[in-house]
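Positions annotated as region 'Disordered' by Swiss-Prot: 1-25, 546-588. Summarising the annotation, Swiss-Prot assigns S-adenosyl-L-methionine binding site to 75, 104, 105, 106, 254, 275, 276, 277, 278, 279, 325, 326, 327 and lists similarity to another entry as the type of evidence. Summarising the annotation, Swiss-Prot assigns domain 'SET' to 94-314 and lists sequence analysis as the type of evidence. The compositional bias 'Basic and acidic residues' feature in Swiss-Prot is assigned to 567-579.
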């Protein structure tokens, strides 16, 4: 999968001979599980909790040093075996080769001219590692008994990967040997590198991801040591935190949803070869062909011989890319920052505002997004702000007035203001809110730019600083845009300009409100690949496979959510989750 990290080459060796008492580790993991299962810390206490959890994890890592399974040689040494294995099992291997693109990591390079929309890559089901293949493997007996494995396909895939890696005769060895030895996701950050993310919106998701991963490891360490169905697992004598972090990171950056063989539902999968593709802006061009039972990818654009072949991972923000994929994508046209807004229940007009919002399909409290592109405000956010700033008379017009339903349908349309005064108030409010968010950062835009120019930073520190810089630039842009709109509408109001009115259609019931149309993935919610689309051949469809979809075993949901339910794992190409519960493609 494109842009997945390979910070260093694979270590030599076949595993470790070091010995550590299972009881000693069990005591440490029990302490870790207790710490990670405690209630969420209060405001301002998250960093303290993170440091405490990290301290326990580091103690465990120190005791387990040398116990992890590794492969001899470099990752790229195994590429010929991967291509041979893929070819022998029905995958396409003509027209491209695997190459190290330095900063972008390994990717695919065209060896011939490839036309836009040309089918150039397909991978049959038999090559995929899926939840179904996990059930039919040595992991099957434990899967049948463990509710967390049953509920969280992400974790099942991670253990499937670990078990197959430990088996030198595994069918998937040619694939597993080419996976990165480590990643650039925050799970691998040093403490100082995580500190660079403090005050960013992303930091809460970073803390949550680390805590969830530590809790899962502690829980499953005990399961593997004590559960009778775990006796035959090749992990029994050496299940390290390092191994688990690697496995969940591999899954996090690569997992996708595909239809099951009968097409009745979806399952999670790792897709060899295809997951080497790196990301660029564009459209999703991968899907699943049920007729031929294979994943198929068509070219995003024309690629000439010698050029890198890119795919589009989905509409992910850079926070999602950094947290779940381990890279920062410059000029990300889908970058955004979150802004949480809600109507206070103490508002005298709360009931009326809630009713208007309900008719528009918008909650009274939600996480919206401010965007990198123009306009920075979506139709849904604009509709919310208009209702939020309505007077009692304006609310009555939208509830009881003539053509009230038609008014609801135009709430998200910038061409039809509620009133000039309403526009002035909403843009003033947004300007103030974005300005306040900017003040929460400990550094300025200029300071971040200077720091990037004048310091020799690690890859991870650079990503962290670019991320906080990007957040501030989006907020600053929103402030300027809001200020310009405020002044524009103030002049309209002062001039007594006539208010534009939408042509009354009388057919409102047959239309969807503009605010409800799927104009964007608010709060980074990614669309799922529908079964209908999954059945079709690979085309440049909007909901296809995305490199590195993840609904999180190690994402950013609360501990309870992460342990007790399978976070809406979305269709292929980047199952990113709402409000950072996602995981995207990481650097190769």
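From the backbone N, Cα and C atoms, a Cβ is placed for every residue, glycine too.
Following the DSSP three-state reduction, the secondary structure of residue 278 (S-adenosyl-L-methionine binding site) is strand.
Across the residues annotated as binding S-adenosyl-L-methionine (75, 104, 105, 106, 254, 275, 276, 277, 278, 279, 325, 326, 327), the two Cα atoms farthest apart lie 21 Å from each other. Most Cβ neighbours within 10 Å among the binding-site residues 75, 105: this distinction goes to 105. For residue 325 (S-adenosyl-L-methionine binding site), the number of other Cβ atoms no farther than 10 Å from its own Cβ, over all displayed protein chains, is 36.
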